[in-house]
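Below is one structure, written out as C-alpha cells, with a few remarks after it.
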2 protein chains.
Amino acid sequence: MRFDVTILGSSSATPIYNRNPTSQALNINERFYLIDCGEGTQQQMLRFDVKPGKIDHIFISHLHGDHYLGLIGLLSSMHLNGRKKPMHIFGPPDLKKIIDINLECSWTKLNYELIFHPLKNTETEVIFENKDIIVQTIILNHRIPCTGFLFSQKKNLLKLNATQLEHYQVGRNQFLKLKQGEDFVNENGERVPNSVLTIKPEDPKSYAYCSDTLAGEAYLPQIEDVDLLYHEATFMHDLLARAQETYHTTALQAGEIAFKTGVKKLLIGHFSARYKTLDGLLEEARSVFKETDLAIEGKVFTI
Amino acid sequence: MRFDVTILGSSSATPIYNRNPTSQALNINERFYLIDCGEGTQQQMLRFDVKPGKIDHIFISHLHGDHYLGLIGLLSSMHLNGRKKPMHIFGPPDLKKIIDINLECSWTKLNYELIFHPLKNTETEVIFENKDIIVQTIILNHRIPCTGFLFSQKKNLLKLNATQLEHYQVGRNQFLKLKQGEDFVNENGERVPNSVLTIKPEDPKSYAYCSDTLAGEAYLPQIEDVDLLYHEATFMHDLLARAQETYHTTALQAGEIAFKTGVKKLLIGHFSARYKTLDGLLEEARSVFKETDLAIEGKVFTI
C-alpha cells in the first residue's frame, strides 16, 4: 500500500528564499490527506502536481498564519473548479469562524459540502478512521493551542498464496477467512494450517506530524517507534533561549526526540527565515540521530 | 518624479500556469502603494524585490479571494519582521472584520498601528491625498461591491533655472515664490518675469485601476485621458455571455473603453485560467486600441 508524504512548504512564520509556509500532502493508498495549508499551498500543489480533486481531508494544526492562510484560497478554487464531493476539515474550533466570515464577505456559497471537525486539544482523540488508517491528535505545547497528527496504517490482512490455493483446491468463498488468519478445512475434514496458504503482509506503517511545539516529554510516548517522524526544528541549538521563548524546538532537540522515541526516520522542517541554507540544521540533528532528512519542498518521502 | 507600476499578479479567480492572483505595487516618488493583495503576494514581492517596508498604504478593490487573501499573511510578516510605522488599509468595510478575526484567532497584537479606511462604494470619494498625489475611488459594477482607484499626480511646481537665478542674483528666500509662479522684483524695483527664471515642469500623470467589472459607461468619465489605464480583461470576446453573467469584461471591450476614453495607454489583466497563453487577448484589445500591453508578472510600466 502506498504511503508517502510530499513536502509543499517548510518555512516558519514568513515565506523566504523560495521556501513556502508549511503544508504537506500524504498519499495513503491513493487517498490524499493535506496537513496544514500555509499561504501559497495551492500554487505549490500546481507546481508539484498534487491534485486538489484527490484531497477529501484537510488537517490544520493551529491558527498561526503560516499553517492555515492558504486554506480559504484552496477551498475557493475547489469551488470554482466545480468540486461536488464533500470536504472534511479538522482544525481548531475558531477555524470555522474564519472560514465562515470569508465565505460570507465574498457572498460565496460553496457548491460542495464542507464538514468541519473541531479539535479538542485537551486530550488525544481519534479524529478519523477508514479501512486504511486511523488518525489521532497529538497534544503539542505552543503559544496557542496546537495539535500534531499521528497517521497509523491498520494491520494489513494476510496475503493469499495462489500456488498453494490451487494445490489444496481452496474455493473462493474461503478467501476472506484465510486473509483473516483462519485455517482451511477441506471436504474430507483435513485441516491445512493458515501459514501454508498465506503470506505475511507488510507491517503497518505510521507517520507522526509534530509542528509547532516546545520540545517536550508529554507527547513522546505517542510517537514511539513511528516509521517517520516529522518534527519542527525552527532554530539551531545556539538559539535555544529563543526557541523556548517562542515555544519552538531546535534541530538538536528534534534529533534527541527521535533518538529517545526510537523512530525509524526523522524529517525536520519549519525552518526560521534566518537560515539561508539548511546544512547546519541537518548536521546538528544528525549529530544525535543519523537517520534525519530535511523537509525540502517538492521532495517525496516514502514511509 | 518616478511613477511606475510593478505587476505582482494578474490571474483571475484561481492561480494557474505560474500566474498569481491580482496585486500591483505603485511607486510614486519613492513611496509605495499596494493595490490588491491576492494569495502569494508577499512571495511575489520577494521575487520581484518590492520591499514591504516601503509600503504604507494598501488599497483593496473588493472581497473576492483573488484580490485580498494575501493580505493577512503580508500584515503578519510585517509584524514579525519588526514593523513599527502605521499601515493604512483602504477597502470594503467587511475587510476589517476579516482582519480582526484572523488576528484574534492567532492571538496576535500587531506591533504597529493599523488604520483602516472603509470605502463607501455608493459614490466616488477622495480617499487619500499627500504632497504628490490624490487617490479617488471609481465605482465599478461587479457581483459584489467593488471599487477601482484613480491615482492622480498633483500639478508639479515650476523648476528653477539655475543659470538665470545667478544672472539676476535672486536670493534663496525667493525660490518658493518663483516655483509657485510669481515674478521676481529686485532691490531696484525691476521686475523679471517668472518665465525667464523657471522651467515648465512635466505634466502631472494619472493611473486608473479598474478590476473587476462589467464593461460599463458610468465610470468612463472618470478615467478619461488618464496616462495609463489598467482594465480587467478576463475573457476573449467569444465568451461575452460568460463575461456578462460573471460581471467581467472582454479584451475587446477593454480596448473599446480605452479608445472611447482617450487614455494614452491600456494595460489588460485578470486573465481567466482557461488561457494558457495570452496572445489572443492582447491581439483582440489591440484590434481596437493599439497602445495595449499585457500585465505580465514582474513587468514594470512607467507612467
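Glycine is treated like the rest: Cβ placed from N, Cα and C.
Secondary structure from DSSP puts A:His64 (Zn(2+) 1 binding site) in coil. Non-local neighbourhood of A:His64 (Zn(2+) 1 binding site): A:Ala13, A:Ile144, A:Asp212, each in the same chain, at least six residues away, with C-beta under 8 Å from its C-beta. Look at TrEMBL and you will find A:His62, A:His64, A:His142, A:Asp212 tagged as Zn(2+) 1 binding site.
The Zn(2+) 2 binding site annotation in TrEMBL covers A:Asp66, A:His67, A:Asp212, A:His270. Neighbour list (A:His270 (Zn(2+) 2 binding site), Cβ cut-off 8 Å, at least 6 residues apart, same chain): A:Ser10, A:Ser11, A:Ser12, A:Thr22, A:Ser211, A:Asp212, A:Glu232, A:Ala233, A:Thr234, A:His248, A:Ala295.
Among the features that TrEMBL reports, active site, proton acceptor is placed at A:Asp66. Under 8 Å, Cβ to Cβ, and six or more positions away along its own chain, A:Asp66 (Zn(2+) 2 binding site) finds A:Ser11, A:Ser12, A:Ala13, A:Thr14, A:Pro15, A:Pro21, A:Thr22, A:Gly38, A:Glu39.
By a Cβ separation below 8 angstroms, chain B lies close to these of the binding-site residues A:His64, A:His67, A:His142, A:His270: A:His64.
The Cβ centroid of A:Asp66, A:His67, A:Asp212, A:His270 marks the Zn(2+) 2 site; residues of that chain outside this set whose Cβ lies within 8 Å of it are A:Ser12, A:Ala13, A:Pro21, A:Thr22, A:Asp36, A:Gly38, A:Ser61, A:His62, A:His64, A:Ser211, A:Glu232, given in sequence order.
Taking the centroid of the Cβ atoms of A:His62, A:His64, A:His142, A:Asp212 as the Zn(2+) 1 site, the other same-chain residues with Cβ within 8 Å of it are A:Ser61, A:Leu63, A:His67, A:Leu140, A:Arg143, A:Ile144, A:Cys146, A:Ser211, A:Thr213, A:Tyr247. In this structure, the CA atom of A:His142 (Zn(2+) 1 binding site) is 13 Å away from the CA atom of A:His67 (Zn(2+) 2 binding site). When secondary structure is read from DSSP and collapsed to three states, A:His142 (Zn(2+) 1 binding site) falls in the coil class.
Cβ packing within 10 Å was compared across the binding-site residues A:His62, A:His67, A:His142, and the lowest neighbour count falls to A:His142.
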